[in-house]
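Step one of this worksheet: look at the structure below.
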Amino acid sequence: MLWMTLIGLGLLVGVVSNDDDDPATTGDAAEEPPIDDGQLEGNEGHDLLMGTASDETLLGRDGNDNLDGGEGNDRLFGDNGNDTLSGDSGQDNLFGGKGNDELDGGKDDDKVFGGAGNDVASGGDGNDSVFGSTGDDTVLGRDGDDFLRGGDDNDRVFGDNGSDTLIGDGGNDHLFGGKGDDQLNGSVGDDAVSGGDNDDVATGGEGNDRVFGNDGEDKLFGEAGDDLLRGGDGDDILIDGSGTDVLRGGGGNDAIFASGFMNEQATLDNFKNPDDTLTPAELVDKLELDFSQDTDTDGDIVDGGQGDDTIFGGIGDVLTGGDGADTFITGDWVKGEEVTEITDFDASEDVLLFGYDETLPEPVLTMVAEDNGEGGSDAIVMADGVEVIRLANLGTTFDVSNDIALMPNNGLIQQSIERL
């Protein structure tokens, strides 16, 4: 026989169903199988287990079960089968187990674990922790400040309302922060990460990722792999990782770092907690800039978009400021055949700075024109005879004595503060 049980406060009411899942008929407590006080346990069929205002433990066992904790701080275990678990009110713990389960923590601060299978797991209202585990899961935060983790395989993680933390883990995941100041990390795999509204901190982690800030003043990190970073609206900070990346600022006055002269992991750690009260000096300090070397030689593509942007270029990078009065910064960290290329420098509104090690003599900048094969010529800027910058279509108009400024690297840090 299948048992569908309901437990009350001090009163146990038994409901009995046939093995073939016929509609249930009411029995009496004397016909109940042995169970512990406060624990409801199903059988091999499709069971309905319902709690009330007490703190109960519901065990679905085999079959496609429906568990509803009711009020109280409950523990719900789906076990095997494609189960539906609802915590309702109270601080509940939900465990889907094996199978493709649907879990909803309900009200208050819950912990939800999907388990094996392709699960849909939601924390509901409250500050919840939701884990997908193995399988292609959908993890939902809903209201509250939630911690959401997809687990292995290809997951979709939605923060919704609140300031949430989203982690994709293994697989090619999709992360959507929604409203609130969210922290998003795609982790391993080729991920799509979108911050949503407000001021977010987002990284794709390892793999070839797409990271979007959308609205707000966002901080985006490329990390390992060939990534696309797009700031969207707002004054954003985009930081290149290793790999050949594309960085697009979008609207707003953005700061874009397409060079490897910072401790990227330390910088990411410094921004794990979004803080709208940072002064520009504190912000630059968190970036941990080190102009002594550029370790990224893959060559990135940068487009500042609209607004007055500050763009740091490095070895092999192609920089486009877009609309607005932009500041392009490169320096003696550019060495070898791969120079920094700037596609749209306009001396009438843009600024070009070349940094150098203040412990060494100031470099001598010179310029030559080079045919670009398109009916025009580019300006090639050299530092002490070494090519460092290519300025598209400016071979006949660029004035190296007036259109570029030398600045020691410690001055570049101060310049960053002023621009931000």
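Using the three backbone atoms N, Cα and C, a Cβ is placed for every residue, glycine included.
As annotated by TrEMBL, compositional bias 'Acidic residues' applies to 21-39.
The annotation compositional bias 'Polar residues' is assigned in TrEMBL to 81-92.
Residues or ranges marked as compositional bias 'Basic and acidic residues' in TrEMBL: 99-112 (among others).
The list of residues near the compositional bias 'Basic and acidic residues' (139-158) in space but at least 6 beyond its ends in sequence, with Cβ under 8 angstroms from a Cβ of it, reads 109, 114, 120-133, 164-176, 178, 180, 189. TrEMBL lists 139-158 (among others) with the feature compositional bias 'Basic and acidic residues'.
If you look up TrEMBL, you'll see 185-196 marked as compositional bias 'Low complexity'.
Among the features that TrEMBL reports, region 'Disordered' is placed at 21-216.
With helix defined as DSSP H, G or I and strand as E or B, the compositional bias 'Basic and acidic residues' (139-158) counts 0 helix, 8 strand, 12 coil. Across the compositional bias 'Basic and acidic residues' (99-112), DSSP classifies residues as 0 helix, 5 strand, 9 coil.
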